[in-house]
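Features reported for this protein in TrEMBL:
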- 1-17: signal peptide (SIGNAL)
- 283-305: transmembrane segment (TRANSMEM)
- 346-373: transmembrane segment (TRANSMEM)
- 379-404: transmembrane segment (TRANSMEM)
- 416-439: transmembrane segment (TRANSMEM)
- 445-475: transmembrane segment (TRANSMEM)
- 506-529: transmembrane segment (TRANSMEM)
- 535-563: transmembrane segment (TRANSMEM)
- 575-594: transmembrane segment (TRANSMEM)
- 606-635: transmembrane segment (TRANSMEM)
Amino acid sequence: LLLLAAALAVAPAPAAAFYLPGLAPVNFCEADKEKPECQSGIELFVNRLDSVESVLPYEYTAFDFCQAEGKKRPSENLGQVLFGERIEPSPYRFTFNKEETCKPVCTKTYDTKKPEDKQKLDFLKKSMLLNYQHHWIVDNMPVTWCYDVEDGQRFCNPGFPIGCYITEDGRPKDACVINSEFHEKDTFYIFNHVDIKIYYHIVENGALGARLVAAKLEPKSYKHTHPENPDCSGVPMDISNKANGEVKIAYTYSVTFHEEKKIRWASRWDYILESMPHTHIQWFSIMNSLVIVLFLSGMVAMIMLRTLHKDIARYNQMDSTEDAQEEFGWKLVHGDIFRPPRKGMLLSVFLGSGTQILIMTFVTLFFACLGFLSPANRGALMTCAVVLWVLLGTPAGYVAARFYKSFGGEKWKTNVLLTSFLCPGIVFADFFIMNLILWGEGSSAAIPFGTLVAILALWFCISVPLTFIGAYFGFKKNAIEHPVRTNQIPRQIPEQSFYTKPLPGIIMGGILPFGCIFIQLFFILNSIWSHQMYYMFGFLFLVFIILVITCSEATILLCYFHLCAEDYHWQWRSFLTSGFTAVYFLIYAIHYFFSKLQITGTASTILYFGYTMIMVLIFFLFTGTIGFFACFWFVTKIYSVVKVD
């Protein structure tokens, strides 16, 4: 919220409209008509290069491409740094409405006899083999490469490859299929020329100039015979795998401008998003989830209204009759239902961290739905989540302290310290190990030392004190009042049937919530590992609400069955029942790794599973907390309406 308020205060928006920070439109006009409110120069920025075959992204400067001399790189926010985005200025500069044809940028020469040159060329070949992709940005929009895919669909990729490779048996890999001239065996073809098309829309009152609505390019390969005076024709630029001697690569570009009357500035991202994975699958997944929710709600409603209502009426009538001794079902365990669980300290700490994650997720998704965290606002989603997590230390400390006190705990100092350091510490340790691997590999996703110190400062100087404040208020309040008294001597639990034993119930409990989210999970994993944009926050928010309802209902159902079987250990069981959804998430992530990703290399595999474990832990705490609170509410409610002697 603080971030949002600050951002809105900073954004200088025109009087006629309200724009988000950093997303106000820029007006362009021709060089001879330039004035303060409209500029003629168009800058092209380059982002890190990444690949679906490797988790390691690299900065543009790690490759030997044409560099922009003496230009300052734009500053990045916390979210961009954490996601490994590194935006830098490029040597490509255009003037609005001034077309260029085959303009040279620079020429790179490699002498394979020199170890330094050979190393640079080998790195370039390796990145072409792994299909590394450029990501260019014009006016805060990705420059896209659009091509036809099956069924007459057109796919717009917000990146384009460095080059491609023809294998030793003459099979074209990746982008080599686009040109029949790429046919030499065991040869790399580098895309050293780009045809850029910039589409603009003239603002209604033409005095303001034009706004850019799309930037598309087509990568091409030419062996320029005269690099100083290129003509962009002839054979493609090939680099044989066994090349010896001197290799010259000349980089060139052409740019054209086209007026586009149909697309307005506000909807300029639509063409990229429309070509992304299909929305009708999303609707199918939501319908599927809603069916599960309706089915569960029906079951829960039936239990609540019919069975429970009957039970309560019968229990309360029995006071007047002689059968009072013949108690049965869940009323039998009223003297043990609020008996403190074993390992109450750990459970209260998990509940504190889970509450922090639950509120953070809700607020982040709510803002994302309102469009504050759109893909155009780079890194905003991650920044928002981290800042919220830090500021939500107070609810974590409060919830942990309240429940720990109600479990009869005395060691309040240990409780506060564990709430502050246990779960965040595990996540940070995992994150730090992953970062060491990225550092070792020289990847751009490695977080600079300064940022790591800043994250630790946020944790120790803001989150921890806030947790202490929350815990102080939690311990100061009286313990939670339970509707029934706990007996001195614990009651014997009868022999349980197979499905009321703890493990089968816990395993069954996670299936339904996972069924609601697994299609959405596919799109989220795609956006993280296959570098696709994720923008369907409306769907995600809906699925989040469905997940909360499903976790609550599944846990309440199983809790009722266990109480009827006279098993009163519900606290850990309710947490683990819905928390088990995270185990299914882990199994799905392993399946996704082997069936959908083409990741190669030990470092990439370790990174994939390292980051997956962080997601699984967060998801476990999040779903477990929902299950516990639902069950706690249910138990308190049913025991407060029966008359107990």
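Cβ coordinates come from backbone N, Cα and C, glycine included.
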With pairs closer than 6 in sequence left out, are the transmembrane segment (416-439) and the transmembrane segment (535-563) joined by 3 or more CB pairs under 8 Å?
no
Same-chain residues at least 6 beyond the ends of the transmembrane segment (606-635) whose Cβ lies under 8 Å from its Cβ atoms:
55-56, 337-338, 347, 350-351, 353-355, 357-358, 361, 423, 426-427, 430-431, 433-434, 437-438, 509-510, 513, 528-529, 547-548, 551-556, 559-560, 563, 570-571, 574-579, 581-583, 585-586, 589, 593, 597, 599
With contact taken as 3 or more Cβ pairs under 8 angstroms (pairs 6 or more apart in sequence), are the transmembrane segment (506-529) and the transmembrane segment (575-594) in contact?
yes
Among the recorded stretches 346-373, 445-475, 575-594, which has the greatest number of Cβ pairs closer than 8 Å to the transmembrane segment (379-404)?
445-475
Go through the chain and flag residues at least 6 beyond the ends of the transmembrane segment (445-475) whose CB is under 8 A from any CB in it; none is fine as an answer.
48, 55-57, 78, 81-84, 352, 386, 389-402, 405, 412, 415-416, 419-421, 424, 428, 432, 435, 438-439
